[in-house]
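Straight from Swiss-Prot, the features:
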| type | residues | note |
| --- | --- | --- |
| BINDING | Glu67 | thiamine diphosphate binding site |
| REGION | 442-523 | region 'Thiamine pyrophosphate binding' |
| BINDING | Asp494, Asn521 | Mg(2+) binding site |
Amino acid sequence: MTEKTIRLTTAQALVKFLNQQYIEVDGESAPFVDGIFTLFGHGNVVGIGQALEENPGHLKVYQGKNEQGMAHAAIAYAKQKNRKRIYACSTSAGPGSANLITAAGTAFANNLPVLFLPADTFATRQPDPVLQQLEHESSTAITTNDGFQAVSKYFDRVQRPEQLMSALIRAFEVMTNPVSAGPATICIAQDTEGEAFDYPVTFFQKRIHYLNRQIPTKRELTEAAKLIKASQTPVIIVGGGARYSDARKELIALSEQNDIPLVETHAGKSTVEFSFKNNLGGTGILGTLAANKIIHEADLVIGIGTRYTDFTTSSKTAFNPATKFININVSRMQTYKLDAFQVVGDAKATLIELTPLLKGYKTQFGDKISTYKKEWLKERTRLQHTKFNRDNFAPEIKNQFDQTTLNEYADSLQTEFTQTEALITINDTVAPDSIVVCSAGSLPGDLQRLWNPAVPNTYHLEYGYSCMGYEINGALGAKMAASDNQEVYSIVGDGSFCMSHSELLTSLQYGKKINIMLFDNSGFGCINNLQMANGSDSFFCEFRDNNNQIMQVDYAKIAEGYGAKVYKANTKEDLVNALEDAKKQTKTTLIDMKVLPKTMSEGYLNWWNVGVSEVSNKESITRAYEAKQINLKKARLY
């Protein structure tokens, strides 16, 4: 019997296949691929471009303005959808493909599914070397796209039309598997995109990818319950895996039943809203005082869906030497970290099974959880009301800029606004269900400490790769994923704005309103803090011109040129007025805030291991190195 076939080009088959991919979670099924971002060039416009023009199916097509920017929008879409829906990205060959590589790293580090479709050189090699092709004397097979191999969870090349079938099936298995979720890259030779093949019709049947919740073994659950009951001061670290598992109700139930405090990673923050009594906020290098105090007292840490990055563990100094660990994770590899007791399973499913086993158990924290939270809220209130003065101002980041330098910034930027006051003002003024997006600089620290999410899944921080430029481009993806009237706020510094804001124009083009909160302190403030804290002088991290004058940039005018509604706000009153007016707008807005350097929040009970120079002529650097060696003695080695 001859199998029924349909004759399609490789690109047409790709688009047809994408339209038939569904994901089912807890009995609910929906299309997995909602659309595709494209930036057409000679490598994809007559192949994938033609296929999308002819019959896109349900796929929504968005025109990106920069390959990395549109890819970050696609990544943010998947993140905001809790990895249950994605966008693909199609680019031309050469530099267009290369621009995706950084974004692939972002998706990889954050375990976020996205399908990358970079065009490749000719499979036939007839016109070689084609425009934008690299020529390696050692191998003709090497192309720009080999750079994706280090940053893809799945990587493949399609040089014949029939290869597409196995490549796509494998890619979707990886993207829809919670253990391996991340970027899948399929490089398609540009001549192959247009080549036809008789594809079996069965390949295009509706295909449902089932996201089954893995339940731990009875042994794992029983032993985990024993460890918890034997502890006096256990603490739960809520990681991104808990959020992607939709484990909010189960976390609250366990925490309330057993009086176990919750602390959060960036990826886990807003899984449970901050108003929950046992939620002490972010932990680690960027954590709250309350969370870091409680984690230092833990005799057992229960990590739920966390990778234990250095920012979560304070470079492995956050825990007492005797602290034990239980790691609950779908990834067996992640459960092995810190010599933990391993519980391999879905966060939600695991907590459903574990909670009944802990009935009657209570921790020994007593009123410490509420006391630490009250102390922290008092500290947050102090940070909300920091005021600059020209005589003896003590910024949060101390002993770096003297009063003369701070006055110079105040005069040059025409502001006395502190970063912490500005950020908390935004938190207090926006609608409770607003989504906040950020990624790099000092602002993630302020957000992790000071931003109190009132509604679950509204805190959107890319801190796996902490990629500058994600903030605005990612905000577009978050907006595309949000409910119709849900506002999205991009929290971005001037450094990240300069790095990339390409999809600001795309947001205006497609009527996807985002609100850009631009904090301008005229420099790379976060790294300047790190530099000076470790003994160096301020060196090429401030934005100063050839005459050593602080640069003054009108970022509002840049956004206005694109067509955004813009505001300038260097006081709390002006900021509140701008925020209220921005709510009334139907298109993208930007609020340009000049804030003083060194007025971001400082760390609490933390340490970050960075590569301080062992040898230097500067005494301050030598002291910093000696301090590092002292802290290393307190750190776990693995």
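Every residue, even glycine, has its Cβ placed from backbone N, Cα and C.
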### Task
Determine, to the nearest whole angstrom, how far the Cα atom of Asp494 (Mg(2+) binding site) is from the Cα atom of the residue listed as 'thiamine diphosphate binding site'.
21
### Listed in sequence order, residues with CB under 8 A of Asn521 (Mg(2+) binding site) and six or more positions away
Tyr409, Leu413, Gln419, Gly493, Asp494, Lys594, Val595, Leu596, Pro597
## Note on the structure
Of the binding-site residues listed (Glu67, Asp494), the greatest number of other CB atoms within 10 A surrounds the CB of Glu67
### Task
With H, G and I counted as helix, E and B as strand and the rest as coil, say where DSSP puts Glu67 (thiamine diphosphate binding site).
helix
### Query
Any idea what DSSP makes of Asn521 (Mg(2+) binding site), helix, strand or coil?
coil
#### Entry: Whole-number mean of pLDDT values that fall within the region 'Thiamine pyrophosphate binding' (442-523)
98
### Task
With H, G and I counted as helix, E and B as strand and the rest as coil, say where DSSP puts Asp494 (Mg(2+) binding site).
helix
